[in-house]
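Per TrEMBL, region 'Disordered' is recorded for 1-34. Look at TrEMBL and you will find 314-407 tagged as domain 'Transglutaminase-like'. The feature active site is assigned by TrEMBL to Cys322, His381, Asp404. Annotated Ca(2+) binding site per TrEMBL: Asn444, Asp446, Glu493, Glu498, in sequence order.
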Amino acid sequence: MSETTSTNEEKKKPPLNGRRAVPSSNSNDEENEVPEMEAFGLIPRGFNPKDYLRVVDIHLFKEPHEINKQKHHTDKYYSPKLIVRRGQPFQIQIDFNRPYSPETDQFWLEYLIGRYPQQNKGTYIPILLSDVLKPGEWGAKITHKENNSIHLSIMSSATCIIGKFRLYIAVWTPFGILRTPRTSVTDTYILFNPWCQQDAVYLDDEKEREEYVLNDVGIVFHGNINDIKLRSWSYGQFEENILDACLFLMDKAELELSGRGNPIKICRVASAVINSRDDNGVIAGSWDNTYTYGVAPSAWTGSVDILLEYYSSKQPVRYGQCWVFAGVFNTFLRCLGIPARLVTNYSSAHDNNANLRMDFFLDDEGKVDTKITKDSVWNYHCWNEAWMTRPDLPVGFGGWQVVDGTPQETSDGMYRCGPASVQAIKHGHVCFQFDAPFVYAEVNSDIVYSRRQKNGTQVIEKIDTTHIGQLIVTKQVGGDGMMEITEEYKFQEGSREERLALETAVMYGVKKQTAQDTMYQPQTDVDMDFHVQKAVLGSDFKVTITFRNKSHNYYTATTYLSGNIVFYTGVTKNEFKKHSFSAKLEPSSSSTFEVMVKSSEYLSDLLDQASFHFFVTARINETGKILAKQKATVLEIPTLHIKTQGETVTGKEMSVTVEFTNPLKQTLENVTLRLEGPGVLRTMKKEFRQIPMNSTLIWEVKCIPKLPGLRKLIASLNCDALRHVYGDLNVQIQKP
């Protein structure tokens, strides 16, 4: 028996190497015991530890309604443990076996984290009593004495490591140190503190702190620039076990404990561990519309299920796309106390190796040649912004930083992105770490249409400088509306400042090719534009093309319309509509042409987000010049209706119903419904075999809400023929 235990012990110990005396400490989970009796030498025979001051009990005031969680804004965490924010005092009470006498008794507190606690690494923190607490530095002072008890106010450092600490109380005796036994009851979580001026994540606006740290639901903006859609997302950063799951992500990323007080380091490693590429991280991405053996990205209603599944299985959760990566990343940041928001960039440039140029190649007919066109424009792309100071950069680049967990390009050898200063991106100072050129190109690239002529030369037909990054948005503070933040990222299109920022970015190494621009002489006396009619999924709609001939010449234009079903990433699945016609353009006049698109042409191939991409190209026969324009459009998808019945009071059963009517001219098969609401109900799922056309489904659920206040219920419906069907409802839960 004894042999096996010793070999197990040996297995647990990491191998020592010649380089360091102690292995690196990068797990918050591991711990080692400290001796309860640490003798100074030989112990005399008559020594009895009971003769000295002894700790009988420790009270941490850790209930949600008690002083610590109230003052530290941690009362919403569903956890029995003490959770405090760094750089701010918290209160504890120690009961001794007799009254404490400062003249003769000496005791101190010890906070330890990880397996090899060292004082110089900040992983072993002894705290001696003092008369006064210095702001933002570790310390403890007695605030009240009564009988055998004392009350202490403890201040933690404003740069302290974020994680779960073990607490010991040590008493000095002439023969050795006596410590309280190890108990997990007194474990204390320490988080970032946006309320503390010395903290790197300090945010000075209370309304913003309530939104960016304490709000556990949010809005994801999707769709496209001409048709913005929104859906709710449950971040659930206070739900049971989510804090532990988020700390586990830092263990998984092997971030050394001593780096865990630094929000820059935490964001950088988290942006890699949120995706499963190269490190078996949280979410496996899939953009190919087949989601066997997993959940379709559009079916998730929030982050909690994903984080808890990963925390228990330690295997990537399938599947995610950009808003899922961003939703889970936002939960991680807010949970640890870093202010964060989810941002959507409409018409986002991708695969641009930071060359500020998206190349679209046209063939002889003027339609895009998909074989050689490698770049793609995403209808939208979601990333996150995290709020922090940047002491590693020159003054002025703190504040919002872009972090992106979606795997797009590698950075220092791993799929990660950020933190990149939004301010640096706006001014073109892309030399500052991390990944600023990539983000700059996502919001600033030009689209270059070029055509290969018979003799092999490339002719640039058109340069579109305004299509990319037209609109950047996030949820407004304190409401569900949209707030535009485009000007945080870029100056007014065409302004002098914008030119200057571009020249600065080019100077700092963002590549911009201009050699071929000399060939570029566009047709200036004819304008062409087109408009796609708004349409509901399953109906016909029309595309209207308008020419304006501003010259005194008579022109004819050979026009080609190409309708494609695309992934929201702008990658084409197939062309479902081809239509050519010849347009006669009278001098100094406008002419319009209509093309009808029937539902039978697109329904069989439709993808997740019901996205179409239209190209219209026209060749002016008299001059040989080409006019080109592209637009994305999204169909209206039906919504779910959520209702509640009876009174909505904490601790009392209430009833929630979800209703949906099938709008398609076909039966929906194998339909999954999900419903969740932080503080009201854990995620529920229900499968329906079939929903015939035009029929209505009703699902009723009973639940008992836990928390009072304004709460949100979020539902999604998912099946192969129809995805991205959502509904939400705000519910006011009363106190009993």
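Heads up, the Cβ atoms here are built off N, Cα and C, so glycines get one too.
Note that TrEMBL annotation is computational and uncurated.
Show me how these features fit into the shown structure, please.
Taking H, G and I as helix, E and B as strand and the rest as coil, DSSP gives the domain 'Transglutaminase-like' (314-407) the counts 15 helix, 40 strand, 39 coil.
In sequence order, Trp378, Tyr380, His381, Cys382, Trp383, Thr406 make up the list of same-chain residues 6 or more apart from Cys322 (active site) whose Cβ falls under 8 Å from its Cβ.
The Cβ neighbour count for His381 (active site), using a 10 Å radius over every protein chain in view, is 28.
In sequence order, Ser271, Phe325, Ala326, Trp383, Asn384, Arg416, Cys417, Gly418, Val439 are the residues of the chain that are 6 or more apart from Asp404 (active site) and have a CB within less than 8 Å of its CB.
Taking the Cβ of Glu493 (Ca(2+) binding site) as centre and 10 Å as the limit, one finds 11 other Cβ atoms among all the protein chains shown.
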For the recorded Ca(2+) site, enumerate neighbouring residues of the same chain (Cβ within 8 Å of the Cβ centroid of Asn444, Asp446, Glu493, Glu498, site residues themselves excluded), in sequence order.
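These residues sit around the Ca(2+) site: Thr465, Thr466, Ile468, Gly469, Lys490, Gly494, Leu502.
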Same chain only, sequence gap of 6 or more: which residues have a CB within under 8 Å of the CB of Asp446 (Ca(2+) binding site)?
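Looking at Cβ-Cβ distances below 8 Å from Asp446 (Ca(2+) binding site), excluding near sequence neighbours, one finds Leu356, Arg357, Met358, Ile463, Asp464, Thr465, Ile468.
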